[in-house]
């Protein structure tokens, strides 16, 4: 086995963290031969619950888990880490607007950015899951100036997975046969799930999704709103926010940086004008010149954007600007 890597999960006693710890320990993210040290952070009132999580990790007897470190101290949780899953945040509840989350959660990610700056490896890859994820990631990066901005990303993979699943169900094909779905913009009700460049494998042949479905009204209507509102639908049904699917998406996100593949994956990043938006369509580079834990991602350039897509992208970019400005006021 290789040398262990240190992975931090914040909010580790919560619902997403509970699922995420198992996936990380099982080898689902970094591979079955890569040992991990789990550095689990939560707030002081949750430490008893976190001890229970640690007991279950031990009872799972997972070969990849070398050590588990539970703590309520960010300095301990972020010490020398290679990867961070920033999950801990106030969850969105039924009837709550995203702006309601800003005042509390932005302060959390300011503190965590400062702790990452002081204690984490400068090569650390930071995935922000806690909502509003895009804005939280921006604040976190702003307060960790010694860590490259490209090492910070916010999770849009859950929306990608939701969109792929909707297309697969519509076509009655396995979800693995749908690829190159794009999610533009914010992880919110303004996001734009775009299948203009998506492909579906039909009878063994890759076919453009628009040609396969042949329903322009659906693809520009119900499909988009279903993906946009899926989180709210889960809350209405469970009375709790998405947990299992969010943990799976976080693992998919980090795995896509760790393992080189040629298909599009979606991550929200700090960009400089690409597609005139604050979020990017990414894919990991096809090769790496050094033996490191994470590969370099590359932004997919030159995709044609029609008027319908531009309108949707401008709307979500406007919302992101408003969230950024609100967050900066709080900070």
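Keep in mind that glycine also has a Cβ here, set from the backbone N, Cα and C atoms.
If you look up TrEMBL, you'll see 6-152 marked as domain 'Lactate/malate dehydrogenase N-terminal'. Annotation comment: TrEMBL describes 11, 12, 13, 14, 15, 16, 17, 42, 105, 129, 130, 131 as NAD(+) binding site. According to TrEMBL, the substrate binding site annotation covers 92, 98, 131, 162. Residues or ranges marked as domain 'Lactate/malate dehydrogenase C-terminal' in TrEMBL: 156-327. Taken from TrEMBL, the feature active site, proton acceptor covers 187.
Comparing the binding-site residues 15, 105, 131 on other C-beta atoms within 10 angstroms of each C-beta gives the minimum for 15.
The record assigns 11, 12, 13, 14, 15, 16, 17, 42, 105, 129, 130, 131 to the NAD(+) binding site, and the maximum Cα to Cα distance across that set is 17 Å.
Among the binding-site residues 11, 13, 17, not one has a Cα within 10 Å of the Cα of residue 131 (substrate binding site). Across the structure, residue 11 (NAD(+) binding site) and residue 187 (active site, proton acceptor) are spaced 19 Å apart at their Cα atoms. Residue 130 (NAD(+) binding site) is surrounded by 28 other CB atoms, counting those within 10 A of its CB over all protein chains shown. DSSP labels the residues of the domain 'Lactate/malate dehydrogenase N-terminal' (6-152) in these numbers: 68 helix, 27 strand, 52 coil. If you draw a 10 Å sphere around the CB of residue 11 (NAD(+) binding site), it holds 26 other CB atoms from the protein chains shown. With a 10 A radius on its CB, residue 162 (substrate binding site) counts 22 other CB atoms from all the protein chains. For the pair residue 162 (substrate binding site) and the residue listed as 'active site, proton acceptor', the Cα-Cα distance reads 12 Å. Long-range neighbours of residue 17 (NAD(+) binding site) (same chain, six or more residues apart, CB within less than 8 Å of its CB): 9, 10, 11, 40, 42, 53, 87, 88, 247.
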